[in-house]
Amino acid sequence: MSKKAIGFMDSGVGGLTVAKLAMEELQNENIAYLGDEARLPYGEKSKEEIQQYSLQIANFLIEKEDIKMLVIACNTATSYALDYLRNHLLIPVIGVVNPGSIAAVDNTKTNRVGLIATNGTVKSGAYEQEINKINNNIEVFSQGCPRFVTMVENQEYKDAKKQEVVDDDLSTINMDNVDTLILGCTHFPIMREMIQKSVGDSVKLIDPGYETVKQIKTILQQHHIENDEEEDTTYSFYTTGDADNFNQVANEWLNYEVHAKHLPIKELEEL
Ligand code: DGL
């Protein structure tokens, strides 16, 4: 039993899609979240940069919030830094790629799975590897959609005029005849409706967050660190970017009054 918070990290607001599911499913758990907007997009950064940033964030959450486990709620950081963080940290660390792969493999009937993600995640091949570890007969069709990340961060995800951008970026995947499409960037569930509209109702969208929360639960149980006490939970949020912008997206997505603290990037760089 542990009252310590679970740490969540992402390059921005995307990881809130995972945090939200955790808040719904694990109602006694405290949460500490950091969005690294000042250095977004991670999808265009090198492996070394992503590893360095991720370790700084993990160290911050450990020192400042005393987190009991870390969820890398970012596909790009999971693809490049999961093993690295596991090697450097003493607390349990999980990412979103293995959970997303499990959910996709479970769903596909045609063995044709699509992946939309950042260019970095696509380039890493992490999803193909993970999916083919489970089932070698599945073909993965990948498409980088970096413009979607900007749309979400800039709060343009409800702007009907942006449907054209979505259709345009999904035109290739729409020809690949997949029956399952992984939302392989944690920002994408926020614009799920636009994506579903573009690919049509016959394609099942996979949000890796659901399976990730199941894995969080398992880890808490295995390590005997669940919070069994039903008292008021505490959620703390940090952003290296603009707190007002973060709060607007977060309030709307979580339906919860978020007051993120701005964290100057210098403080992370010193860790
Ligand atoms: N949310 C992040 C992910 O899941 C990526 C956004 C970015 O490029 O920074 O990959």
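Don't overthink the numbers, they just go from 1 along the chain as shown.
In case you wondered, yes, glycine gets a Cβ from its N, Cα and C as well.
Here the structure is a predicted model, which means the values were calculated and not measured.
Annotated features, as they stand in TrEMBL:
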| type | residues | note |
| --- | --- | --- |
| BINDING | Asp10, Ser11, Tyr42, Gly43, Asn75, Thr76, Thr186, His187 | substrate binding site |
| ACT_SITE | Cys74 | active site, proton donor/acceptor |
| ACT_SITE | Cys185 | active site, proton donor/acceptor |
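Residues Asp10, Ser11, Tyr42, Gly43, Asn75, Thr76, Thr186, His187 make up the record's substrate site, and a Cβ search at 8 Å around their centroid adds Gly12, Gly14, Gly15, Leu40, Pro41, Cys74, Ala77, Thr118, Thr121, Val149, Cys185 from the same chain. The distance from the Cα of Cys185 (active site, proton donor/acceptor) to the Cα of Tyr42 (substrate binding site) comes to 11 Å.
If you take the C-beta of Cys74 (active site, proton donor/acceptor) and look for same-chain residues 6 or more apart in sequence within under 8 angstroms, you find Met9, Asp10, Ser11, Gly14, Gly15, Tyr42, Val96, Thr186.
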